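Chemist: What Swiss-Prot lists as N6-(pyridoxal phosphate)lysine is 67. The pyridoxal 5'-phosphate binding site annotation in Swiss-Prot covers 197, 234, 271, 272, 273, 274, 383 and is backed by similarity to another entry. Marked as phosphoserine by Swiss-Prot on the basis of similarity to another entry: 297. Taken from Swiss-Prot, the feature substrate binding site covers 325, 326, 355. The annotation S-nitrosocysteine is assigned in Swiss-Prot to 354. Look at Swiss-Prot and you will find 354 tagged as active site, proton donor.
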């Protein structure tokens, strides 16, 4: 595993008393009046804290879903802990950071033949499938494959982004696929599922685990000795969601004990993406243009008061693609608190491109702002930078990485000596102290001793 180099990624180590918000304010004050490009401040310490929180709440090895945010410094941080991928490019990224192939799962059930061959030539053996055609394709393109995982469909009707409409085998089809794999002498080592991104009902996991147990039993009947269960993602990554992470894990843990108890010999993994990165990234955008829409104008209903349209230097073709593809609802914040008696106006916020679709916020209340002023958007780490384009010639925002000194020291300890059996409370604030001992769990997460990646 390559070590994280703070100089390579220009990671600023925060002295005691300083926060990521201080760096963000500093960057805003540093830029000249003519150079106010949008930028991110990413707190890598927040990512590490999320990992510690995971280890306390859920006895499952996390494979970070690289597709969620593939910024190199972030992936390098998680590669020192744990990671997951879905394409040749993501495999190249994580292996370039020193992640060994045995800790990579190619978790895309629909793969291009050339990319299957690339995985084979680079030692990646663990991958998913959900159809006979995919099974045959993998058998031909990767003859030495020994570790296939059967993706099953789940009820993801309560998810923000549904996946089972595209991926997953039914229970009936699962038996047929297992029988076909046995005929081809291909080893199926386990089962995977995904309840959908942005899951809003933790009970969905219970039914999915019950279905997975059923498929495991089918595998035993067919002649397989399956030992891997992948429970996918769907975990919240910020505190502004209705369903909290611990509310989900409080439902998952009893279900795991029921269907896959610690003495079952089944290794349980997951593919969290949003959970790790959403809250770590804050985006700063600058107002580049402003339009006043007066009462009775052609642009506004006659009954309305004066409103403002603000145009900023990032939009839905850039970081805010999450609005279109991830159903995100973003809220602008101001770097400085408005005066108590300041008047608020109905406002809309637009991106910089020539497309009328490039609208970030349809309506919100803001004090009157001016060209050159800044707006902040929190919780912008998930499905933002990874899918941003340069449409119309607008460049992606720069990313400034920060980490507190205690978290930096903990990161180096993890890289040099593995995860410590105990982490001092002052290192992580209010977060958990150890991998599993503090939680009262019998099942210890394998992530305490190793790191992995979901491709």
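Placement of Cβ uses the backbone N, Cα and C atoms for every residue, glycine included.
Quick one: where do these features end up spatially?
Modeler: Under the three-state DSSP scheme, residue 67 (N6-(pyridoxal phosphate)lysine) falls in the helix class.
In the structure as shown, the Cβ atom of residue 271 (pyridoxal 5'-phosphate binding site) sits within 10 Å of 28 other Cβ atoms.
Mapped onto three states, the DSSP output places residue 325 (substrate binding site) in helix.
Every protein chain shown contributes to the tally, and the Cβ of residue 354 (S-nitrosocysteine) ends up with 8 other Cβ atoms within 10 Å. In the three-state DSSP classification, residue 354 (S-nitrosocysteine) falls within coil.
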Chemist: Given the recorded positions 67, 325, 326, 354, 355, state which is nearest to residue 197 (pyridoxal 5'-phosphate binding site) when distance is taken between Cα atoms.
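Modeler: Out of the listed candidates, the nearest Cα belongs to 326.
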Chemist: For a quick check of packing: other C-beta atoms within 10 Å of the C-beta of residue 325 (substrate binding site), how many?
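Modeler: A 10 Å sphere around the Cβ of residue 325 (substrate binding site) contains 12 other Cβ atoms.
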Chemist: Pull out the recorded positions from the set 67, 325, 354, 355 whose C-alpha sits within 10 Å of the C-alpha of residue 273 (pyridoxal 5'-phosphate binding site).
Modeler: 67
Chemist: Can you tell which of the binding-site residues (326, 355) has the fewest other C-beta atoms within 10 angstroms of its C-beta?
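Modeler: It is 355 that, of the binding-site residues 326, 355, has the fewest other Cβ atoms within 10 Å.
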Chemist: How big is the gap, in Å, between the Cα of residue 271 (pyridoxal 5'-phosphate binding site) and that of residue 355 (substrate binding site), rounded to a whole number?
Modeler: 35
Chemist: Starting from residue 67 (N6-(pyridoxal phosphate)lysine), work out which of the binding-site residues listed here (234, 355, 383) have their Cα within 10 Å, and give them in sequence order.
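Modeler: Checking each Cα against residue 67 (N6-(pyridoxal phosphate)lysine), the hits are 383.
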